[in-house]
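Worksheet for the structure shown next.
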Amino acid sequence: LTFPLLFVTLLVSFGSSMLYGYNLAVVNSPAVHIKAFYNATWSQRYGHGLASGPLTLLYSLTVSIFALGGLVGSLLVGVLVERYGRNGTLSRSALLVLLASGFMGFSRELGSPEMVIIGRSITGLHSGGCCGAAHGSFLTARSPTAHSQGTGEDFITPMATGSNLRGFLGLIPSIFICLGVFFAQLLGLPELLGEDRFWPLFLSVVVIPASLQLLLLHCFPESPRYLLIERNDVCRATEGLHRFLGTPNVQDMIKEMKEEQRSLSSVEMVSVWQLLRDRSVRWQTLSVVVVNAGMQLSGIDAIWFYTNTIFENAGIPASQIPYTTVGTGAIEVVAGLIGCFTIEKVGRRPLIITGFCAMGICSAGITVSLLLQTALPWMRYVSVACVVGIITGFCMGPGG
């Protein structure tokens with residue numbers, strides 16, 4: 001593991017994964033202020049405020065359109081990577097963040113809720129495209145062994161077959177997602193950017209990591225695997241391997257990537273329907289579908305989006321909610337680090353199963369505690385513990 005390889009791994013995760021985590025949680029603490037802005041703007045335009053139902057619907061659109069933008073970005077990432085390369089795709093994605101920050105940052109000055117919604121959709125587009133380029137291609141492509149592994153932990157693999165750091169480095173994006181969520185919760189405190197006058201700045205802070213990635217990413221070469229396999233540029237691929245490995249002896253890796261290039265040229269592309277009908281890979285396909293569906297349906301996004309509301313409904317005093325939320329974010333980071341250091345010893349399968357089981361038990365616990373909190377006031381603490389349990393289970397297992 002060399003310094004250039006580690007640095008580019010941290011840089012790409014900082015400018016993509018952390019922004020994804022930040023944008024997941026950034027709308028949580030300023031929800032009241034954003035709703036007040038929507039209501040005041042509507043009143044100025046039409047002479048009357050919004051009713052509770054339409055106001056909630058408008059705010060829900062602001063929250064959820066991030067996911068819709070992510071869907072569009074994930075569908076476009078393949079075309080963008082093929083045309084512009086990994087570095088080019090990440091750089092252009094960073095420009096999207098600058099545009100989104102402008103929309104959200106000046107939305108209140110221009111009295112336009114539409115600009116907040118557009119900005120959120122653009123950040124979602126960035127997250128879908130940038131994370132896809134970084135984790136699905138860019139970081140994988142820096143490893144000549146990643147193609148033979150084919151799993152998430154090999155996206156940031158050291159340039160050595162069988163390295164015990166493979167799982168550790170593969171969890172770096174997940175840790176940066178946790179850090180992004182934590183920083184969003186931390187900056188949302190009343191003492192920092194949690195006051196009403198700061199919420200446009202709070203939404204626009206994402207411009208800083210994106211700008212740093214945009215400036216520093218050009219200091220590194222394009223991914224060697226992309227250059228050789230997709231561009232057939234052996235010279236630049238060799239130079240890139242020299243740079244990332246810090247050794248002149250890279251012929252074995254060049255040979256391995258050429259073998260992969262030949263094998264890929266004979267591979268027949270199949271449609272989704274053909275993949276689902278192929279009995280030889282049915283269990284592999286089913287495993288991928290079940291794990292990813294479980295992650296998306298686990299409710300973790302709802303917890304990140306509406307943490308303050310959940311704690312408010314649980315009866316936590318309003319003055320304590322921001323600090324309780326920051327505490328859950330800190331526990332989330334710790335859980336991600338624990339998963340990072342234990343995955344090589346325990347294995348991914350036990351962590352995923354344990355994580356899903358913990359999330360299921362804690363989800364049931366939240367339901368029971370909310371039903372009983374009127375009769376049993378101490379149930380509010382059970383709700384908080386269950387929220388922490390869900391986040392911990394996700395970060396140590398499925399989220400890793």
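Every residue, even glycine, has its Cβ placed from backbone N, Cα and C.
Keep in mind that what you see is a predicted model, and the values were worked out from it rather than measured.
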Response to the item:
Matching 22-44, 321-343 to TrEMBL annotations, transmembrane segment lands on 321-343
Worksheet item: Can you name the far-off residues of the same chain, 6+ from the ends of the transmembrane segment (57-81), with a Cβ under 8 Å from a Cβ of it?
Response: 23-24, 27, 31, 34-35, 38, 50, 88-89, 92, 113, 116-117, 120-130, 132-133, 136-138, 226, 301, 305
Worksheet, complete the sentence: In the domain 'Major facilitator superfamily (MFS) profile' (9-400), averaged pLDDT is 81
Discussion item. Three or more CB pairs closer than 8 Å, sequence separation of 6 or more: does that hold for the transmembrane segment (350-372) against the transmembrane segment (286-306)?
Written reply: yes
